Amino acid sequence: MINASSAAGNKAPVYSLVIPIFNEEAVLPLLVRRITALLDKLDAGAEAIFVDDGSRDTSVIFLRGMATSDPRFRLIELSRNFGHQIAITAGMDAAAGDAVIVMDADLQDPPEVVLDLIAKWKEGYEIVYARRTKREGETLFKRASASLFYRALEQMTSVTIPRDVGDFRLVGRKALDTFKQMPERDRFVRGMFGWMGFKQTAVLFERPERAAGETKYPFWKMVRLAVHGVISFSDKPLRLALWAGLAISGFAALLGVYALFSWMFTSGVVHGWTSTVVIISFLSGINLFMTGIIGLYVGGIHAEVKRRPLYVVDRLTGFEEAVAAMRNAEAPKDRMLAARERRLG
Ligand code: UDP
Ligand code: MG
(Lines of atoms letter the chains of each structure in order from A and count residues from 1; the text may use other names and numbers.)
(Lines give C-alpha, C1' and ligand atoms only; values in the text may rest on other atoms or scores of the structure.)
(Ligands and ions follow the chains in the order given, each with its own letter.)
Protein backbone atom coordinates (compact mmCIF):
# COMPACT_ATOMS: atom_id res chain seq x y z
CA MET A 1 0.00 0.00 0.00
CA ILE A 2 2.84 2.36 0.79
CA ASN A 3 4.19 4.32 -2.17
CA ALA A 4 7.77 4.11 -3.36
CA SER A 5 10.33 5.96 -1.29
CA SER A 6 11.53 9.29 -2.49
CA ALA A 7 15.01 10.09 -3.71
CA ALA A 8 15.71 11.60 -0.32
CA GLY A 9 15.02 8.23 1.26
CA ASN A 10 11.89 9.41 3.03
CA LYS A 11 8.83 7.23 3.04
CA ALA A 12 5.89 8.81 1.26
CA PRO A 13 3.25 9.46 3.88
CA VAL A 14 0.44 6.98 4.38
CA TYR A 15 -1.86 9.55 5.97
CA SER A 16 -2.44 13.11 4.80
CA LEU A 17 -4.40 15.58 6.89
CA VAL A 18 -5.90 18.49 4.97
CA ILE A 19 -6.85 21.54 7.01
CA PRO A 20 -8.26 24.74 5.45
CA ILE A 21 -7.33 27.94 7.24
CA PHE A 22 -9.08 31.28 6.99
CA ASN A 23 -8.11 33.83 9.64
CA GLU A 24 -7.59 31.22 12.34
CA GLU A 25 -4.75 32.87 14.31
CA ALA A 26 -6.72 32.50 17.55
CA VAL A 27 -6.88 28.73 17.34
CA LEU A 28 -3.65 27.84 15.51
CA PRO A 29 -1.28 27.29 18.48
CA LEU A 30 -3.77 24.92 20.08
CA LEU A 31 -4.54 23.24 16.76
CA VAL A 32 -0.89 22.59 15.97
CA ARG A 33 -0.36 21.09 19.41
CA ARG A 34 -3.33 18.73 19.00
CA ILE A 35 -2.31 17.81 15.44
CA THR A 36 1.27 17.09 16.50
CA ALA A 37 -0.06 14.83 19.27
CA LEU A 38 -2.20 13.04 16.70
CA LEU A 39 0.65 12.61 14.22
CA ASP A 40 2.78 11.10 17.00
CA LYS A 41 0.04 8.58 17.74
CA LEU A 42 -0.41 7.40 14.14
CA ASP A 43 0.98 4.00 13.17
CA ALA A 44 2.61 5.16 9.92
CA GLY A 45 4.09 8.20 8.20
CA ALA A 46 1.82 11.20 7.94
CA GLU A 47 1.77 14.76 6.64
CA ALA A 48 -0.41 17.68 7.68
CA ILE A 49 -1.24 20.00 4.79
CA PHE A 50 -2.52 23.41 5.81
CA VAL A 51 -4.23 25.39 3.08
CA ASP A 52 -4.26 29.09 3.72
CA ASP A 53 -7.35 30.44 2.03
CA GLY A 54 -6.24 34.08 1.80
CA SER A 55 -6.11 34.83 5.53
CA ARG A 56 -5.67 38.46 6.42
CA ASP A 57 -4.34 37.85 9.93
CA THR A 58 -1.08 36.31 11.17
CA SER A 59 -2.08 32.70 10.41
CA VAL A 60 0.33 32.44 7.48
CA ILE A 61 3.36 33.62 9.41
CA PHE A 62 2.70 31.04 12.11
CA LEU A 63 2.15 28.24 9.61
CA ARG A 64 5.23 29.06 7.53
CA GLY A 65 7.25 28.70 10.70
CA MET A 66 5.64 25.33 11.44
CA ALA A 67 6.14 24.06 7.89
CA THR A 68 9.79 25.01 8.00
CA SER A 69 10.57 23.49 11.39
CA ASP A 70 8.57 20.25 11.31
CA PRO A 71 9.06 18.10 8.16
CA ARG A 72 5.54 16.66 8.56
CA PHE A 73 3.88 20.05 8.19
CA ARG A 74 3.25 21.64 4.81
CA LEU A 75 1.63 24.87 3.78
CA ILE A 76 -0.17 25.86 0.60
CA GLU A 77 -0.89 29.56 0.36
CA LEU A 78 -3.64 30.41 -2.07
CA SER A 79 -3.38 33.80 -3.74
CA ARG A 80 -6.67 35.02 -2.24
CA ASN A 81 -9.78 33.73 -0.49
CA PHE A 82 -11.29 31.06 -2.74
CA GLY A 83 -13.73 29.63 -0.22
CA HIS A 84 -13.72 26.60 2.02
CA GLN A 85 -14.67 24.01 -0.61
CA ILE A 86 -11.92 25.08 -3.02
CA ALA A 87 -9.35 25.26 -0.23
CA ILE A 88 -10.15 21.65 0.63
CA THR A 89 -9.74 20.71 -3.03
CA ALA A 90 -6.30 22.34 -3.22
CA GLY A 91 -5.20 20.39 -0.15
CA MET A 92 -6.50 17.11 -1.51
CA ASP A 93 -4.77 17.71 -4.85
CA ALA A 94 -1.50 17.99 -2.98
CA ALA A 95 -2.01 15.05 -0.63
CA ALA A 96 0.42 12.20 -1.16
CA GLY A 97 -1.03 9.75 1.37
CA ASP A 98 -3.07 6.60 0.81
CA ALA A 99 -5.72 7.91 3.19
CA VAL A 100 -6.58 11.58 3.22
CA ILE A 101 -8.44 13.16 6.11
CA VAL A 102 -10.14 16.54 5.76
CA MET A 103 -10.87 18.47 8.93
CA ASP A 104 -11.71 21.99 10.09
CA ALA A 105 -9.12 24.11 11.81
CA ASP A 106 -11.25 25.16 14.77
CA LEU A 107 -11.11 21.77 16.54
CA GLN A 108 -14.82 21.23 16.00
CA ASP A 109 -13.58 18.14 14.21
CA PRO A 110 -11.62 16.61 17.10
CA PRO A 111 -8.26 15.17 15.94
CA GLU A 112 -8.79 12.08 18.13
CA VAL A 113 -11.73 11.02 15.96
CA VAL A 114 -9.24 10.56 13.11
CA LEU A 115 -8.08 7.37 14.83
CA ASP A 116 -11.64 5.98 14.54
CA LEU A 117 -11.79 7.01 10.88
CA ILE A 118 -8.53 5.19 10.21
CA ALA A 119 -9.74 2.07 12.01
CA LYS A 120 -12.76 1.91 9.66
CA TRP A 121 -10.55 2.53 6.62
CA LYS A 122 -8.44 -0.44 7.65
CA GLU A 123 -11.60 -2.55 7.74
CA GLY A 124 -11.85 -1.85 4.02
CA TYR A 125 -14.09 1.21 3.72
CA GLU A 126 -12.99 3.64 1.02
CA ILE A 127 -14.82 6.65 2.44
CA VAL A 128 -15.40 7.13 6.15
CA TYR A 129 -17.33 10.21 7.16
CA ALA A 130 -17.77 11.57 10.64
CA ARG A 131 -21.39 12.13 11.59
CA ARG A 132 -22.33 14.66 14.25
CA THR A 133 -24.55 13.29 16.98
CA LYS A 134 -24.60 16.43 19.06
CA ARG A 135 -23.66 19.97 18.16
CA GLU A 136 -22.48 22.06 21.06
CA GLY A 137 -22.24 25.81 21.13
CA GLU A 138 -24.11 26.30 17.89
CA THR A 139 -27.17 28.48 17.90
CA LEU A 140 -30.59 26.89 17.72
CA PHE A 141 -30.99 28.68 14.41
CA LYS A 142 -27.85 27.13 12.95
CA ARG A 143 -28.86 23.66 14.08
CA ALA A 144 -32.42 24.04 12.81
CA SER A 145 -31.35 25.43 9.45
CA ALA A 146 -28.69 22.75 9.03
CA SER A 147 -31.18 20.01 9.81
CA LEU A 148 -33.75 21.47 7.42
CA PHE A 149 -31.09 21.79 4.73
CA TYR A 150 -29.93 18.17 4.99
CA ARG A 151 -33.49 16.91 4.82
CA ALA A 152 -34.45 19.13 1.88
CA LEU A 153 -31.31 18.13 0.04
CA GLU A 154 -32.09 14.47 0.56
CA GLN A 155 -35.51 15.09 -1.01
CA MET A 156 -34.22 17.04 -3.95
CA THR A 157 -31.12 15.21 -5.11
CA SER A 158 -30.72 11.86 -6.74
CA VAL A 159 -27.43 11.30 -4.93
CA THR A 160 -27.31 10.06 -1.36
CA ILE A 161 -25.64 12.75 0.67
CA PRO A 162 -25.45 11.49 4.24
CA ARG A 163 -27.25 13.54 6.88
CA ASP A 164 -25.48 15.60 9.53
CA VAL A 165 -22.16 15.07 7.84
CA GLY A 166 -19.88 17.98 7.03
CA ASP A 167 -16.56 17.75 5.27
CA PHE A 168 -14.82 15.92 8.13
CA ARG A 169 -14.00 12.57 6.54
CA LEU A 170 -11.35 10.11 5.45
CA VAL A 171 -11.05 9.13 1.81
CA GLY A 172 -8.87 6.40 0.35
CA ARG A 173 -6.67 6.67 -2.74
CA LYS A 174 -9.30 5.38 -5.16
CA ALA A 175 -11.87 7.91 -3.99
CA LEU A 176 -9.27 10.67 -4.01
CA ASP A 177 -8.17 9.91 -7.56
CA THR A 178 -11.82 9.90 -8.63
CA PHE A 179 -12.30 13.25 -6.91
CA LYS A 180 -9.31 14.68 -8.78
CA GLN A 181 -10.95 13.73 -12.06
CA MET A 182 -14.00 15.81 -11.22
CA PRO A 183 -13.24 19.20 -12.74
CA GLU A 184 -16.40 21.10 -11.75
CA ARG A 185 -16.09 24.63 -10.44
CA ASP A 186 -19.19 24.44 -8.37
CA ARG A 187 -17.76 22.21 -5.72
CA PHE A 188 -20.01 20.77 -3.09
CA VAL A 189 -17.42 18.36 -1.77
CA ARG A 190 -19.65 16.20 0.42
CA GLY A 191 -22.04 15.69 -2.49
CA MET A 192 -19.19 14.75 -4.81
CA PHE A 193 -18.07 11.99 -2.47
CA GLY A 194 -21.66 10.83 -2.08
CA TRP A 195 -21.96 10.62 -5.85
CA MET A 196 -18.95 8.42 -6.48
CA GLY A 197 -20.11 5.35 -4.61
CA PHE A 198 -17.50 2.95 -3.12
CA LYS A 199 -17.87 1.35 0.27
CA GLN A 200 -18.81 4.16 2.64
CA THR A 201 -19.52 4.21 6.32
CA ALA A 202 -19.88 6.61 9.23
CA VAL A 203 -18.22 7.15 12.56
CA LEU A 204 -20.23 9.03 15.19
CA PHE A 205 -18.85 11.93 17.17
CA GLU A 206 -20.06 14.77 19.33
CA ARG A 207 -19.27 18.09 17.74
CA PRO A 208 -17.75 20.40 20.32
CA GLU A 209 -17.72 24.19 20.25
CA ARG A 210 -15.21 26.11 18.18
CA ALA A 211 -12.03 26.16 20.32
CA ALA A 212 -11.27 29.83 19.62
CA GLY A 213 -12.04 32.60 17.19
CA GLU A 214 -15.37 32.95 15.47
CA THR A 215 -17.21 31.21 12.67
CA LYS A 216 -16.06 31.89 9.10
CA TYR A 217 -19.45 30.77 7.83
CA PRO A 218 -21.84 33.66 8.33
CA PHE A 219 -25.47 33.20 7.36
CA TRP A 220 -25.13 34.27 3.73
CA LYS A 221 -22.23 31.89 3.12
CA MET A 222 -24.31 29.03 4.49
CA VAL A 223 -27.15 29.95 2.17
CA ARG A 224 -24.76 30.07 -0.77
CA LEU A 225 -23.37 26.65 0.08
CA ALA A 226 -26.89 25.27 0.35
CA VAL A 227 -27.93 26.74 -3.00
CA HIS A 228 -24.80 25.39 -4.68
CA GLY A 229 -25.45 22.00 -3.15
CA VAL A 230 -28.93 21.85 -4.60
CA ILE A 231 -28.09 23.34 -8.00
CA SER A 232 -25.09 21.14 -8.62
CA PHE A 233 -26.81 17.90 -7.66
CA SER A 234 -30.42 18.31 -8.68
CA ASP A 235 -32.48 19.44 -11.63
CA LYS A 236 -35.67 19.40 -9.55
CA PRO A 237 -35.81 23.21 -9.31
CA LEU A 238 -35.84 23.38 -13.13
CA ARG A 239 -38.65 20.86 -13.29
CA LEU A 240 -40.43 22.76 -10.56
CA ALA A 241 -40.25 25.82 -12.83
CA LEU A 242 -41.80 23.81 -15.63
CA TRP A 243 -44.70 22.45 -13.58
CA ALA A 244 -45.39 25.71 -11.80
CA GLY A 245 -45.35 27.48 -15.17
CA LEU A 246 -47.82 24.98 -16.59
CA ALA A 247 -50.14 25.21 -13.60
CA ILE A 248 -50.13 28.99 -13.67
CA SER A 249 -50.79 29.10 -17.43
CA GLY A 250 -53.75 26.79 -16.90
CA PHE A 251 -55.05 29.04 -14.16
CA ALA A 252 -54.57 32.12 -16.38
CA ALA A 253 -56.44 30.45 -19.26
CA LEU A 254 -59.39 29.75 -16.94
CA LEU A 255 -59.37 33.38 -15.87
CA GLY A 256 -59.39 34.44 -19.52
CA VAL A 257 -62.41 32.30 -20.20
CA TYR A 258 -64.12 33.78 -17.16
CA ALA A 259 -63.33 37.34 -18.34
CA LEU A 260 -64.68 36.56 -21.80
CA PHE A 261 -67.91 35.19 -20.40
CA SER A 262 -68.48 38.10 -18.08
CA TRP A 263 -67.82 40.53 -20.96
CA MET A 264 -70.39 38.69 -23.09
CA PHE A 265 -73.12 38.03 -20.56
CA THR A 266 -72.97 40.80 -17.95
CA SER A 267 -74.15 44.25 -18.84
CA GLY A 268 -71.41 46.87 -18.94
CA VAL A 269 -69.91 46.26 -15.52
CA VAL A 270 -66.32 47.54 -15.28
CA HIS A 271 -64.49 44.79 -13.54
CA GLY A 272 -62.14 45.46 -10.69
CA TRP A 273 -58.79 47.10 -11.14
CA THR A 274 -57.60 45.24 -8.04
CA SER A 275 -57.93 41.81 -9.55
CA THR A 276 -55.98 42.93 -12.64
CA VAL A 277 -53.15 44.27 -10.56
CA VAL A 278 -53.11 41.15 -8.40
CA ILE A 279 -52.94 38.86 -11.40
CA ILE A 280 -50.26 40.85 -13.19
CA SER A 281 -48.02 41.16 -10.16
CA PHE A 282 -48.53 37.51 -9.27
CA LEU A 283 -47.61 36.38 -12.76
CA SER A 284 -44.59 38.64 -13.05
CA GLY A 285 -43.44 37.49 -9.64
CA ILE A 286 -43.60 33.86 -10.67
CA ASN A 287 -41.92 34.76 -13.93
CA LEU A 288 -38.99 36.41 -12.20
CA PHE A 289 -38.66 33.47 -9.83
CA MET A 290 -38.48 30.99 -12.69
CA THR A 291 -36.02 33.15 -14.60
CA GLY A 292 -33.92 33.30 -11.46
CA ILE A 293 -33.84 29.52 -11.16
CA ILE A 294 -32.83 29.17 -14.78
CA GLY A 295 -30.26 31.92 -14.26
CA LEU A 296 -28.61 29.89 -11.50
CA TYR A 297 -28.08 26.98 -13.85
CA VAL A 298 -26.95 29.22 -16.71
CA GLY A 299 -24.53 30.93 -14.34
CA GLY A 300 -23.19 27.47 -13.44
CA ILE A 301 -22.65 26.68 -17.12
CA HIS A 302 -20.97 30.04 -17.64
CA ALA A 303 -18.54 29.38 -14.80
CA GLU A 304 -17.73 25.95 -16.24
CA VAL A 305 -17.07 27.08 -19.81
CA LYS A 306 -14.56 29.69 -18.75
CA ARG A 307 -12.28 26.81 -17.70
CA ARG A 308 -10.27 28.91 -15.34
CA PRO A 309 -8.05 27.13 -12.86
CA LEU A 310 -9.94 26.27 -9.70
CA TYR A 311 -7.49 28.11 -7.50
CA VAL A 312 -4.19 29.94 -7.70
CA VAL A 313 -1.26 28.92 -5.52
CA ASP A 314 0.91 31.75 -4.31
CA ARG A 315 3.53 29.86 -2.34
CA LEU A 316 4.34 26.38 -1.07
CA THR A 317 6.33 25.55 2.03
CA GLY A 318 7.55 22.11 3.10
CA PHE A 319 6.63 20.25 -0.10
CA GLU A 320 9.98 19.44 -1.65
CA GLU A 321 10.19 15.84 -0.42
CA ALA A 322 6.61 15.17 -1.31
CA VAL A 323 7.24 16.26 -4.88
CA ALA A 324 10.18 13.89 -5.16
CA ALA A 325 8.05 11.08 -3.75
CA MET A 326 5.33 11.77 -6.26
CA ARG A 327 7.76 11.91 -9.17
CA ASN A 328 9.00 8.48 -8.18
CA ALA A 329 5.53 7.08 -7.76
CA GLU A 330 4.71 8.22 -11.30
CA ALA A 331 1.46 9.66 -10.11
CA PRO A 332 -0.72 11.10 -12.88
CA LYS A 333 0.04 14.78 -13.39
CA ASP A 334 -2.53 16.95 -11.81
CA ARG A 335 -3.06 20.60 -11.06
CA MET A 336 -1.02 20.63 -7.90
CA LEU A 337 1.89 18.60 -9.18
CA ALA A 338 2.22 20.93 -12.13
CA ALA A 339 2.28 23.87 -9.73
CA ARG A 340 4.96 22.21 -7.63
CA GLU A 341 7.12 21.49 -10.64
CA ARG A 342 6.87 25.03 -11.88
CA ARG A 343 8.09 26.22 -8.56
CA LEU A 344 11.00 23.82 -8.39
CA GLY A 345 11.99 24.93 -11.89
N1 UDP B 1 -12.65 28.34 5.86
C2 UDP B 1 -11.89 28.56 4.70
N3 UDP B 1 -12.31 29.53 3.82
C4 UDP B 1 -13.44 30.28 4.02
C5 UDP B 1 -14.21 30.00 5.18
C6 UDP B 1 -13.79 29.03 6.07
O7 UDP B 1 -10.88 27.91 4.48
O8 UDP B 1 -13.74 31.13 3.18
C9 UDP B 1 -12.21 27.28 6.82
C10 UDP B 1 -12.08 27.72 8.27
O11 UDP B 1 -10.82 28.27 8.55
C12 UDP B 1 -12.31 26.41 9.01
C13 UDP B 1 -13.30 25.67 8.11
O14 UDP B 1 -13.20 26.29 6.84
O15 UDP B 1 -11.12 25.64 9.11
C16 UDP B 1 -14.72 25.73 8.63
O17 UDP B 1 -15.08 27.05 8.95
P18 UDP B 1 -15.89 27.42 10.28
O19 UDP B 1 -15.40 26.60 11.42
O20 UDP B 1 -15.81 28.90 10.48
O21 UDP B 1 -17.35 27.01 9.88
P22 UDP B 1 -18.51 26.47 10.87
O23 UDP B 1 -17.93 25.34 11.66
O24 UDP B 1 -18.87 27.64 11.73
O25 UDP B 1 -19.60 26.05 9.95
MG1 MG C 1 -16.34 25.46 12.78
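Using the three backbone atoms N, Cα and C, a Cβ is placed for every residue, glycine included.
All annotation found in TrEMBL is predicted automatically rather than curated by experts.
According to TrEMBL, the feature domain 'Glycosyltransferase 2-like' maps to 16-177.
The feature transmembrane segment is assigned by TrEMBL to 240-261 (among others).
A Cβ distance under 8 Å defines the sequence-distant neighbours of the transmembrane segment (273-298), meaning residues of its chain 6+ beyond its ends; these are 227, 231, 237-238, 240-241, 244-245, 248, 252, 255. Sequence annotations record features per position, and here TrEMBL assigns transmembrane segment to 273-298 (among others).
Listed as Cβ neighbours of the transmembrane segment (240-261) (distance under 8 Å, sequence separation of 6 or more from its ends, same chain) are residues 271, 279, 283, 286, 289-290, 293-294.
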